[in-house]
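Visitor: Input: one structure, supplied below.
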Amino acid sequence: MSFWWIYPVLVTLCTLFYSQALRTYPSNEVMKSDALHPCVLTSCTVTLLDSMSALGDLGWVAYPPEGWEEISVMDERNTPMRTYQVCNVLEVNQNNWLRTSWIPRGGAQRVYIEIKFTLRDCNSLPGVSGTCKETFNMYYFESNYGNLQHIPENQFIKIDTIAADESFTQVDVGDRVMKLNTEVRDISNLYKKGFYLAFQDVGACIALVSVRVFYKKCPTTIRNLALFPDTVTGRDSALVEVKGSCVNNSVEFDAPKMYCSADGGWLVPIGRCFCKLGYEEKKNRCQPCLPGYYKALLTDALCAMCPAHSFSLQDSSTECTCEKGFYRAEMDPKSAACSRPPSAPHNPISTVNETSVIMEWSPPEDSGGRKDVTYNIHCRRCQPEGQKCSPCGSGIHYIPWQFGLSHPRVLITDLLPYTNYTFDIEALNGVSELSSGPKQFISVKITTSQVVNVILKERKSKDSVTLAFQGPEKTKDAVVEYEVIYYEKNQKEQNYTILKTKSTFMTVDGLKPGTTYVFRVRAHTVGGQGIYGGEIELETSTEDMIAITDPNQITILAISVAGGIILLIFLVTCFFVSGRHCGYIKAKQDPDEDKMHFQHGRVKLPGSRTYIHPHTYEDPNQAVRDFAKEIDVSSIRIERVIGAGEFGEVCSGRLKLPSKREICVAIKSLKVGYAEKQRRDFLGEASIMGQFDHPNIIRLEGVVTKCKPVMIITEYMENGSLDSFLKKHDGQFTVIQLVGMLRGIASGMKYLSDMNYVHRDLAARNILVNSNLVCKVSDFGLSRVLEDDPEAAYTTRGGKIPIRWTAPEAIAYRKFTSASDVWSYGIVMWEVNSYGERPYWEMSNQDVIKAIDEGYRLPPPMDCPVVLHQLMLDCWQKCRSDRPKFGQIVNILDKFIRTPSTLNELANSSTWQDPNMQEAFTVTSVEEWLEAVKMTQYIEHFTMAGYVTLDSVLYLSNSELTKMGITLTGHQKKILSSIQNLQALGTHVQI
Ligand code: ACK
């Protein structure tokens, strides 16, 4: 054995040690001492074995003895390090085993093994062809016992064959070039207490520099005030559902829950706790409100300062007490300022009209700090001398009402004529009744009157008239006498005569014939003297005559005319209102809804065709005849069953049409004993498919309806459905191939949306793949969404919907549009990039709906380009008009294909932060900061450029980052925006 190959190991060890020092994998101890370590947001790893940290011999078992050899080398600090090496490259049939000591599993079901090794390039070794290998194998054996002496080789389970990404040559040894390989593998479904690892060399020249075994866990974290404990990740890619418990002084609002992903990251926070009353949320804890502050609502995050005229003297107050003389009404929120009763109203103005009065006033100068000032009117009737008053009693009317007036105005009617009244206008507000202080009011005194009705009784002669008097009607006080004032009209009031009578009529003599006189009358009662009534004009006759005129008749006529006009106005108004109503109904039509209305017969739009729904045909068989070709059953040869559909078997076979080449086809048949509706629905799919002609839509060859079984014949897609195809070929395609598939699907969907066809069940399981990896949209069944799809679940509205693929508006109120198809397309993108992973993993449908509503979106699948995940997020915009159209998606994907470098930057799940999961935490060094922003690859760049303290990075610019060798724009942006946060928050980094 020669050790000429040891040099590269030593060269690499320095670098390895250096990076080891910078690596911040929190160990178990660290986690115990600090429950909320900075790894809070990233996954934590718990190391089960680290060969680099062994102080003495590793004590691993090597057999045969001339195989693997343990060698101690010194790192640059002269600390001995254990490595295992083997290099029997000249001898044939090597089978050298190296078995580790027993590694306890520590509760993990899935562990990771990170090995660092160097490997010699066989081509650089003379005379070894045929014997030299460039790979080795890694195995494990599960056991509950840690002291097994011998484990037969055939008991080990193979993990993988490990090949070097980089092997070194003699030249590298001379140049001391680092060629260290790092590989990580994992073992799932461990169930025994521990396991052994083994490395099998079959003739390579290897130095095993370090072996680290670890598992991942989701670290203790507090989210939405719920504490989620350290959780070991599940087996395979399963999510572990974890229930959170509310932190001290908080209460559960909606059961908090999160999922621990296989990567050790927390996903999908749902539900939350709130700080209880009197406590506020600060740094993920609930802290008491300080004196002078309070918190009265559970859903308020923070304590608020006591509102005006209130105070709190204690910690954790749930409300503030009002100052003396101030009150809080029963319905007032705790956040309202304390208030007091208003001052009295002022500036009253009263306008008396006979026995009614309009009173107006100005609102109180001090409203008491409230907006709910109202007014009460209190009425007193007073003696003529003015002093003695008594309550008015009933019979008086207040318009709009007497108590609780919100406007400073009231009309009071039905007062007694010739009476003195005093009205107290009182101002009140919501706290008036809580105050024991005096009422706040202003008094208004008025005296009523009433006009006497005058009736022309007789115009007996050309020089006299007889007038009769009526009223005042409502006065209880007897009329003492009537006073008549009259004058010639053309002389105005300069020359008038006053006559008085105690009787209810009066004859006025001595008038000029053929002359117009003006009469006005007033009454005197014991209550006082009234006002003159309106002017009455009478013309004496030129000859003696008898005439009776009742002015009330004129009034009646006027009322009839006015009533007619009002009726007319009412009718006209009704007419307009009903007209508006019709207009409104028409305007309510949703333009989107138009798409859902299909017309019989093909509608040609310029440059596009509109799909015709088979249900618009009275005879569905006619739709089949119109859109699907009838195939003679003798041209079909069925070869084998390939699956089962909703209506029967799916077979593959061949179709040979006259004067056409034989082609492979898929044959869907309708099982025997079908109902007529099933036949209609089965053939409905053919009527739909037959209308499409596009390279990314499954092509209908024809139907067999004239004999049984009824069949639908389509082109054959060699690779079957996309979801199972991807699962079968996990990780085997280049990004460009995946984008090519997605581009095809988007192009098919663009065609469908241009034809106004809404698919409603776009999912990888409904895409078929042919031998050239061309993807085609399929599954156009009529009852598809209701019956066929195993993913479809009943919604609260009774419909059956594939929840995980469906846009929120379609789930909530069945708003299926091309925009909801775009949402589903985003999910298909995610399925494609994760090679058929189930969207939202094992989460329940209810949790998915809730999480989406709370803003959660699927993280990027492993190794997914940033730009593709961004496109997915665009498809999952809550507002459907914000989502891209299929045409735009096709253009975007075309650009990616033309410029593949746009796909270089990967957004793997650990670097992408769900915006929901953003949180600030403390960093104390440049390394910690770069780790927090997931930019550890640049630690060395910063150190080399001399940026070793956090202060020193605060003012970095784009150009400085470029100079340091950080050239990716996305990374520059991320670092600079984090620097802005550092500036704003000190050492609190918001990620
Ligand atoms: O995933 P698969 O292999 O692809 O299993 C299902 C099964 O039939 C039931 O639908 C397959 N299938 C359906 N249509 C076609 C087709 N045109 N070409 C090939 N396979 C098809 C589908």
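Backbone N, Cα and C define each Cβ position, glycine as well.
TrEMBL lists these features:
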type	residues	note
DISULFID	CYS87-CYS205	disulfide bond
DISULFID	CYS122-CYS132	disulfide bond
DOMAIN	341-451	domain 'Fibronectin type-III'
DOMAIN	452-543	domain 'Fibronectin type-III'
TRANSMEM	554-578	transmembrane segment
BINDING	ILE642, GLY643, ALA644, GLY645, GLU646, PHE647, GLY648, GLU649, VAL650, LYS668	ATP binding site
ACT_SITE	ASP761	active site, proton acceptor
DOMAIN	921-985	domain 'SAM'
Visitor: I'd like to confirm something. Which of the recorded positions, CYS205, ILE642, ALA644, GLU646, GLY648, has a Cα closest to the Cα of ASP761 (active site, proton acceptor)?
Guide: GLU646
Visitor: Return the residues near GLY648 (ATP binding site) by Cβ distance under 8 Å, restricted to its own chain and a separation of at least 6 in sequence.
Guide: LYS668, SER669, LEU670, LYS671, PRO709
Visitor: Enumerate the residues of the same chain, ILE642, GLY643, ALA644, GLY645, GLU646, PHE647, GLY648, GLU649, VAL650, LYS668 excluded, that satisfy the criterion Cβ within 8 A of the mean position of the Cβ atoms of the recorded ATP site; list them in sequence order.
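Guide: Here the non-site neighbours turn out to be CYS651, SER669.
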Visitor: Sort out for me which one of CYS87, ILE642 has the most neighbouring CB atoms within 10 A, since those are the recorded positions we care about.
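Guide: Selected residue: CYS87.
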Visitor: Count up the helix, strand and coil residues in the domain 'SAM' (921-985) according to DSSP, in that order.
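Guide: Breakdown, helix to coil: 44 helix, 2 strand, 19 coil.
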Visitor: Compared by Cα position, which of the binding-site residues ILE642, ALA644, GLU646, VAL650 is the closest one to CYS87 (disulfide bond)?
Guide: ILE642
Visitor: According to DSSP, how is the domain 'Fibronectin type-III' (341-451) divided among helix, strand and coil residues?
Guide: 3 helix, 52 strand, 56 coil
Visitor: Just name the winner among GLU646, ASP761 (the recorded positions) by count of other CB atoms within 10 A of its CB.
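Guide: Comparing the recorded positions GLU646, ASP761, the most crowded Cβ belongs to ASP761.
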Visitor: Where DSSP helix means H, G or I and strand means E or B, what are the helix, strand and coil counts for the domain 'Fibronectin type-III' (452-543)?
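Guide: Across the domain 'Fibronectin type-III' (452-543), the residues distribute as 6 helix, 52 strand, 34 coil.
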Visitor: What are the non-local neighbours of ALA644 (ATP binding site), defined as same-chain residues 6+ apart in sequence with CB under 8 A from its CB?
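Guide: Once residues fewer than 6 apart are set aside, ALA644 (ATP binding site) is near VAL650.
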Visitor: Restricting the comparison to the recorded positions CYS205, ILE642, GLU646, which residue's C-alpha is spatially nearest the C-alpha of CYS122 (disulfide bond)?
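Guide: The smallest Cα gap between CYS122 (disulfide bond) and any of the recorded positions is with CYS205.
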Visitor: For the C-alpha pair, I'd like the distance in angstrom between ILE642 (ATP binding site) and CYS132 (disulfide bond), rounded off.
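Guide: Cα-Cα, rounded: 46 Å.
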Visitor: Near ligand 1, which of the recorded positions show up if the criterion is a Cβ under 6 Å from one of its atoms? Options: CYS87, CYS122, CYS205, GLU646, GLY648, ASP761.
Guide: none
Visitor: With the cut-off set at 10 Å between Cβ atoms, which of these recorded positions ends up with the most neighbours? Options: CYS122, CYS132, CYS205, VAL650.
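Guide: By the 10 Å Cβ neighbour count, CYS205 comes out on top.
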Visitor: If you measure every Cα to Cα pair among ILE642, GLY643, ALA644, GLY645, GLU646, PHE647, GLY648, GLU649, VAL650, LYS668, the residues listed for ATP, what is the largest value in Å?
Guide: 14
